[in-house]
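Here's the structure, in structure tokens; my notes come after.
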Amino acid sequence: MARTKSTVIARKVTGGKAPRKQIGSKAARKSAAPSNTSGGVKKPHRYKPGTVALREIRRYQKSTELLIRKLPFQRLVREIAQDFKTDLRFQSSAIGALQESVEAYLVSLFEDTNLCAIHAKRVTIQKKDIHLARRLRGE
């Protein structure tokens, strides 16, 4: 038995307007297509909102490298240390250990912040979620 192309497409129901039916025939669409390619400029490809974000989440969850650049972090540490004592020197391993612990703290804070946003039935984290997460931690 030969396979035929099914015209029924499963769609996720998100509310809003119902999809419109295609009225034009194949011949009408073929005649309209060449005018678009010859005169118009092709739009650059864009992913749906959220697709790139999900891809980045998967990418960074797989990786183990440091996400904050080393030199800007080192300058920040030296600037903060300058307030306590002048002419302090740091071993490179000390800066690396500080950076590891800072990134671990931030990742853990954002995980708790995300849980606070989900608890409020949202997917976007807000400033108040960070405040709540820190308060629950006792910070």
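The backbone N, Cα and C atoms fix where each Cβ goes, glycine too.
Keep in mind that this is a model prediction, so the values were computed, not measured.
Sequence annotations record features per position, and here Swiss-Prot assigns region 'Disordered' to 1-48.
Residues annotated as N6-methyllysine in Swiss-Prot, with similarity to another entry given as evidence: LYS5 (among others).
Taken from Swiss-Prot, the feature N6,N6-dimethyllysine covers LYS5 (among others).
What Swiss-Prot lists as N6,N6-dimethyllysine is LYS17 (among others), and the listing cites similarity to another entry.
If you look up Swiss-Prot, you'll see LYS21 (among others) marked as N6-acetyllysine.
Annotated N6-methyllysine per Swiss-Prot: LYS21 (among others), in sequence order, evidence recorded as similarity to another entry.
As annotated by Swiss-Prot, N6-methyllysine applies to LYS26 (among others).
Residues or ranges marked as N6,N6-dimethyllysine by Swiss-Prot: LYS30 (among others).
The N6,N6,N6-trimethyllysine feature in Swiss-Prot is assigned to LYS30 (among others); the stated evidence is similarity to another entry.
Residues or ranges marked as N6-methyllysine by Swiss-Prot on the basis of similarity to another entry: LYS30 (among others).
According to its DSSP assignment, LYS42 (N6-acetyllysine) is coil. Remark: LYS42 (N6-acetyllysine) has no non-local neighbours by Cβ distance under 8 Å and separation of at least 6 in sequence. According to Swiss-Prot, the N6-acetyllysine annotation covers LYS42 (among others), on the basis of similarity to another entry.
The N6-acetyllysine annotation in Swiss-Prot covers LYS70 (among others) and is backed by similarity to another entry. Following the DSSP three-state reduction, the secondary structure of LYS70 (N6-acetyllysine) is helix.
Of all Cβ atoms in the protein chains displayed, 7 besides its own lie within 10 Å of the Cβ of LYS85 (N6-methyllysine). The annotation N6-methyllysine is assigned in Swiss-Prot to LYS85 (among others).
It is 22 Å from the Cα atom of LYS85 (N6-methyllysine) to that of LYS70 (N6-acetyllysine).
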